Every structure is written in C-alpha cells, then in structure tokens.
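**Student:** Take this structure first; my questions come after.
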C-alpha cells in the first residue's frame, strides 16, 4: 500500500514533506512510551477535563456493522483487494470494472446501520455540544455511517460512496440512486468466478450538468491521489486545537491519516487508541483499549459524573 501524497499544511508539511520538527522533552516522553495504559478510570479523567476532542476513525469501526474492508486475508472483491481497484490507473484502464466494484459497495451500504460505536460518538458529540465542548470526527471511511448515526462535526477525508465527480467538468454531486445507472442493475457480484460485465463507457454513470455528459467517477480519494487541501486545512486546525484525541478502529498505516494522532501526541496531548489489536503507532499513545469499538466506546464516552446534565 503506497502512502498518499499530502498537500502542505502547517502540521503536515514537516511530517511528510520535509524534516520533522524537534520534539519537546514532554513529547519525547510520549513518543518513546513503551506500554500505553488500559486504565479506563484514568482515561475518563482526561475525558472529563477535555474541551476539544478529536476522534479519528477507520475501517474497524464500520467492520462491526458488517461493512467489507477489502483488506487482509479474505478481503477480496472477486480476485482483487481495494488497492488494486481504487486507483486512477485502474479507472482509466477499466472504468466498467471499477464502477461495478463501487456499485456493489453502494448497494451493500443500503442495508447497513450504525453500530454502538458510531452511536456512542454521535451521542457524545450532541451531549458535549450542550455543555460548550467540541467533538469532531475525522474519518477515513467512505460509508456515511457516522452521518447516519447523527454526527454533525464530520470531516470525511477520503470522500463518500454517495457522491460523484465528473471527469470532464469536475462537478461534485450527491447521488443516492439505486442503481446509479441502468447498466449497473444487477451487476457487481463479488464472487471470484463472476463474469466481468464490460459495460460500454457511454452506458456508465454520466454527468447531468447542462451541456456536459462527461464520465462520472466516485468522489473518493484513490490510492496515489492527494487529499483535498481544503479538508486538510480543517484537519490541521482541529488537531492543533484539540486537548484529547481518540483513534478508533484504524490500523494507522494509511498516510497521511496515520500521522494525525502521533502529531497530536508529540505535543503532549493525551491520545487513546481503541482497536482490536495493537498498531504501529500504539506505543506513541497514552492509552490503548483492545476490543470491539462497539463495546469499548460506549463506556469510554458515557456521561461523566462531573458533567452538567440538563
């Protein structure tokens, strides 16, 4: 999996495009910490005092809703994993196959619901908003389950399955049609022996802007593409201001998102990882809570005894 290039930003330009900033003594302690704590009571103290919480979410959160990840053992659509299909080169070479893949993913999501992890995050955001506190979700997921759960402060850094972008005029539009075009009806079956449809390009999703008619593509960030600089600027601002960070259901291997939480930890801010297993970044964080996010997050984000509940 090739790291994604990153647009320069105040935090990220030094991390990914040049020399790393020298760490303060406090951040050096955090970055070399060998055994993060799993003490929920200690985390809850940090949570009670936090005024600006950033939650970085990945595929592990949605996997608990039954969303396919297309990664790791068994993570295939037909004979391919996501990194073989989610690329500009794959779309240029075979747009029919790529659209079949995304049509399948769109149709799967119509029957998926937010799980207790998504709901705990959304309920926490709403509750703390009434107390003058801020919760922001930065998600790598493209399934819109955070939206469906009720999250309002949401940065979908990799885009969404339910938006398209015209390859001719660049227009971005929401699209919840099922199927997205008639030619994809009944297509996209994931089994390895499925015959490829080879849909003619002129029958694939087309732009509906007046006078255009260009080929549409999913409005998602593919491997090898830059993230939207405007979204990265918002991410930069939220990470710089947060006083508590949660990393939930992410493997911490896809860049630039893999460096968001370590950058926060480097300035001494508490970071808590919620994941089924450890990751390459685990030892940089103050807390690590193993297990399903749908189990650990409701406890972690429940109302604290010090909260003003109206």
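Glycine too: its Cβ is placed from the backbone N, Cα and C atoms.
Annotation source Swiss-Prot lists active site, proton acceptor at 158, citing sequence analysis. Marked as NAD(+) binding site by Swiss-Prot: 58-77, 140-143, 249-251, 275-277, 293. Under the heading substrate binding site, Swiss-Prot lists 102, 105, citing sequence analysis as support. Annotated Zn(2+) binding site per Swiss-Prot: 166, 169, 207, 212, in sequence order, evidence recorded as sequence analysis. Sequence annotations record features per position, and here Swiss-Prot assigns domain 'Deacetylase sirtuin-type' to 37-307 based on sequence analysis. For 1-36, the entry in Swiss-Prot reads transit peptide.
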**Student:** Out of 62, 66, 158, give those recorded positions positioned within 10 angstroms of residue 105 (substrate binding site), comparing C-alpha atoms, in sequence order.
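**Tutor:** The recorded positions passing the 10 Å Cα test: none.
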**Student:** What is the number of other Cβ atoms found within 10 Å of the Cβ of residue 102 (substrate binding site)?
**Tutor:** 23
**Student:** List the residues in the vicinity of the Zn(2+) site, defined as same-chain residues other than 166, 169, 207, 212 with C-beta within 8 angstroms of the site's C-beta centre.
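**Tutor:** Neighbours found: 167, 168, 170, 171, 208, 209, 213, 214, 216.
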**Student:** When you measure from the Cβ of residue 140 (NAD(+) binding site), how many other Cβ atoms are you left with inside 10 Å?
**Tutor:** 21
**Student:** Around the Cβ of residue 166 (Zn(2+) binding site), how many other Cβ atoms lie within 10 Å? Please give the count over every shown protein chain.
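**Tutor:** So the number of other Cβ atoms within 10 Å of residue 166 (Zn(2+) binding site) is 21.
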**Student:** So of all those recorded positions, 102, 158, 212, which one's Cα sits nearest to residue 249 (NAD(+) binding site)?
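**Tutor:** Smallest Cα separation from residue 249 (NAD(+) binding site) among 102, 158, 212: 158.
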**Student:** Return only the integer: C-alpha distance in Å from residue 276 (NAD(+) binding site) to the residue listed as 'active site, proton acceptor'.
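**Tutor:** Computed Cα spacing between residue 276 (NAD(+) binding site) and the residue listed as 'active site, proton acceptor' is 22 Å.
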**Student:** Could you state the whole-number distance in Å separating the C-alpha atoms of residue 212 (Zn(2+) binding site) and residue 158 (active site, proton acceptor)?
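**Tutor:** Each residue's Cα considered, residue 212 (Zn(2+) binding site) and residue 158 (active site, proton acceptor) end up 26 Å apart.
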**Student:** What average pLDDT does the predicted model assign to the domain 'Deacetylase sirtuin-type' (37-307)?
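**Tutor:** Residues in the domain 'Deacetylase sirtuin-type' (37-307) carry a mean pLDDT of 96 in this prediction.
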